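Noted in TrEMBL for the protein shown:
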COMPBIAS  1-17  compositional bias 'Low complexity'
REGION    1-27  region 'Disordered'
TRANSMEM  47-65  transmembrane segment
TRANSMEM  116-136  transmembrane segment
TRANSMEM  143-165  transmembrane segment
TRANSMEM  177-202  transmembrane segment
TRANSMEM  231-254  transmembrane segment
TRANSMEM  260-280  transmembrane segment
TRANSMEM  322-340  transmembrane segment
TRANSMEM  366-385  transmembrane segment
TRANSMEM  406-424  transmembrane segment
TRANSMEM  430-450  transmembrane segment
TRANSMEM  462-486  transmembrane segment
TRANSMEM  498-518  transmembrane segment
Amino acid sequence: MEQDELLTATEESALLSVPPPGTDRGSWPLRRGRISAFRQHVQQWRTFYSCLLLLFLVDAPMFMGEGPRIQMLEMGLCREYYQTRDPGVIGPGGSVPERLCKLRDIQSPLARLRGFLGLLEGLPGLLFAVPYGILADASGRRLVAGACLVGFILRDAWTFVVLYFHEVFPLQAVYAAPAFVLLGGGTTLFGPMIMAIVAATVPEVFRSAVRDKEIGYEIYETDALVRRTQAFFYVHVVILISEMVAPAIGVLLLDAIGPHLTFLVGIPVKALGFIALIFIREKPKEGDDSHHDSRGEEAEPEIQGKIRQPLANLMRYIRDDIGSILTNRLVFIGLLVLPVQKLSRPMLELILQYMSFKFGWPLSRTSYLISIQAATQIVLFLVLLPSANRFLLARSWQASAASLELSRVSVLFLGSGCLGMAFAPTAPLFITFMIINVFGAGYASAMRSFLTSLVPERHIALLYTTMALFEGTAVLAAAPLLGLTFSAGVELGGNAVGLPFFVSAGVYGLGAIGVWCVNFKRRNED
């Protein structure tokens, strides 16, 4: 033990290692070794843990405030409806009993309003995906993530001001809220930026851990891909924990302080995300690494040129850089089918209004459905998907092929669950099919892992920028598609109320065709 300590000593090491008072001298070396190992672990994985914390601090207020946000919008439309028909039902502060707001003439405009808000919030991410991608290459993804965080806070603050001071601002002023997500590009770019940091960090941490063991590059690539897949799953689990806990907290606050103040609480919680952002350390650019090819030395001037000449270089960036990604047939097909799961988030928001309208549930009660689907996904991501992944790898499948197979199975669950929800005549049966749909939630994570395995490590940031473009297009279409179809279904009545779930099932069916058309070598060569 003493010889090992001498070998690992440095100029900064203490000459005499004295245990703290009251510590057994015999156990001190073992305890010191554990402390050293813990510090090394924290140092290596600090960025990954900081990304998880940041995602939690951003997502928890969003899930906590979703129910109150719908209730505030519904209250605004309900107030406008009764002001010209029966002003007597409007109570102090402009409140109206929720049961009076479930009319077709209120729920249909509410669905359209939320659909157009989703469209406007997705637009900045689509329009500015490439410029912010260039900025991320030049100044780091952390800067873009920080800009997104500022945009989220300003958007929520404006939404609160408009809906709380309803005597000053018309309800239509809420349409200006998405303008604030021009800072950073909104959720369309925030998620991919954090996932790109994780994708680049996890293999680098693994490389530093195995370098002294002289593990070959080919083996490193295989093991790193497995680690990256697991990291994506764990990122999603953290999001799900916030998704499971936050709505329950939101319901408690909703009953105690009302929807407006419950929504307001989420703003300072989001602001805490800046603390997590400080501890994120990005991997150095390839130009800083002498082991990379000569192109890495030209990366920094090349990126600076893109910033100095934005328009010309933007077109070249799209044509040459992104074009080079799309020339890979498998990557192109994967990018086409990846965005189909972007229906999941607006669908979950729609389910809250759907359950309230069709089955008469109060909005505070429907928020628990977010927790139910989140708890199901936690089991999926912590137990079922890792077990399925290990099973395929144990049968000598390539890690990338295993990810593709998980994507294929997941998209079938997504489509069949939506089809069942469209026909479900009762709330318990609807929830059952919703859980079936949730079993397909691993689709996006598995598909991202598969696509990441198809490109060189130096193109990971470029790949995720391209993903943001495709997913931004899907986000742009998803919310208005579901909102307008639900609005039409409400006006038609009967089974047509389930129209958005019929449409979603069709979209997932198209995605399934694309995924199952991909041919990829499954097994490793002996």
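One-based numbering along the chain as shown.
Just so it is clear, glycine is given a Cβ too, placed from its N, Cα and C backbone atoms.
Heads up, TrEMBL stuff is auto-annotated, nobody curated it.
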How about long-range neighbours of the transmembrane segment (143-165): same chain, 6 or more residues beyond its ends, C-beta under 8 Å?
54, 58, 61, 65, 69, 72-73, 75-76, 121, 132, 135-136, 171, 173-174, 176-178, 180-187, 189-190, 193-194, 197, 260, 263-264, 266-267, 270-271, 273-274, 277, 280
Top Cβ-contact partner of the transmembrane segment (498-518) among 116-136, 231-254, 260-280, 406-424, 462-486 (pairs under 8 Å):
406-424
Can you tell me which recorded stretch out of 116-136, 177-202, 231-254, 322-340 has the most Cβ pairs within less than 8 Å of the transmembrane segment (462-486)?
116-136
Which residues, given as numbers and ranges, are at least 6 beyond the ends of the transmembrane segment (406-424) yet have a Cβ under 8 Å from it?
337, 340-341, 344, 347, 385, 388-389, 392, 430, 432-443, 446-447, 450, 495, 498-499, 501-502, 504-505, 508-509, 511-512, 515-516
